[in-house]
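Annotated features, as they stand in TrEMBL:
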- 353: active site, proton donor (ACT_SITE)
- 384: active site (ACT_SITE)
- 512: active site (ACT_SITE)
Ligand SMILES: O=P(O)(O)OC[C@H]1O[C@H](O)[C@H](O)[C@@H](O)[C@@H]1O
């Protein structure tokens, strides 16, 4: 038995869960007219209605007791103060320092990192201004019109999805194109549509060793040189963001053109660092700063609000409740806002790369489920496809619905329909439709009783399906920053409860190593006996199809 499952708080929750499983939220709402009023929270411009969850007062109390038993507050403070909580890599975890607008010093190895953070922000601000004003010119004197942002994983998803979410704030001066996949089709499509004299490449790689990013940058460099640029002109057209300044300079990026980041910023937590440069270029520095300010507000809420009123803590505990006591295997995110459609993919990396682990901090196997599968897409589209499984499938799938109360260029009819679908879905999931209601609906349809019962069974929706609903005024940079930080802290809290190191990613690292070994096999530079029979067969097929004709 692990420490977690032997805690009395854990055992108590198991008992509470067995009672709660027999209750229906429909009845709770009928019995308590103030349920919705009691089960809501507001923080940093985000309103949360969590009343449509399968929790009563006992369950909530039990969950907060569990958080305290797991020393959540102590570990939270350890993260913020720069302790090396990433124990397998010996690193501090300080993405919160990147958006620290207080006077608080943040110490790493005895040194305050805030001056470096501020200097980098100033560099981003100045560079953004010089590109937007046309002061930074390409080597033929033309202003920059296109930014090709190359990166993958955390060096891609954050910048791309935040830029997309804040589309109404896009500047006219430049167009930002994101390239992640090593599939040559992607970079080809981008480069073939733009003029190299007006293009700036931003290469983002914390490690400066990621195959996809290096190759895409080499391809862009090759394109630039073949189009007519020279080696000396590269400085005006290529900049890099990396914590590995040595590798970046060796690659040919001039030292002045390197925006630094640090090993205490995890890849999936890096959009707040210079990895966010493409966001600043796409939206303007003030909007990038707005994101950071919103995240800082959420950090302040997370570190100061009592656990019972703490949004990330509450969300995390609800997630633990379903994952560990209701066997929920996944969690769905449903933004009812077209521009926020990428958020599920963003949170997918954040959550699954952080808590997709099965050993505890001490290296023991867990005896409880950990990180769920995160998925989702924009509403209302999903209603016409996968929502079926959320309504009537056999698994519990907790859902996060989110809706801005106002949108840019608002068409009131469209917007009212969007909202009504969002709210209607949460209502349908909670209430369901009983067999008796469905049976009654089939009265007078000329069916015999057996057929009427058979059809009613198919139409019955059990309900009792949990959801959170988030509302915000409109999706400003600040609100988005707060929303993303809220999910970051939710993931952190779950990592604390599950006693995981949420900040390494050894599974992904192995994939990178094996990918390079197989590449050597494909290029005929590795002994085939290095590979299992299946992989040998696949390599052979590929080599045959690509053999010189
Ligand atoms: O920024 P890079 O060093 O190129 O890394 C890019 C990505 O690589 C890996 O896949 C990691 O798991 C991600 O967390 C990281 O964001």
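Keep in mind that glycine also has a Cβ here, set from the backbone N, Cα and C atoms.
Nobody curates TrEMBL annotations by hand; they come from automatic prediction.
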**Study point:** residue 384 (active site) and residue 512 (active site), Cα-Cα, nearest whole angstrom
**Key:** 37
Check your understanding: In angstrom units, rounded to an integer, how far apart are the Cα atoms of the residue listed as 'active site, proton donor' and residue 384 (active site)?
Key -> 29
Practice item. Identify, among the active-site residues 384, 512, the residue whose Cβ has the fewest other Cβ atoms within 10 Å in this structure. Key: 384
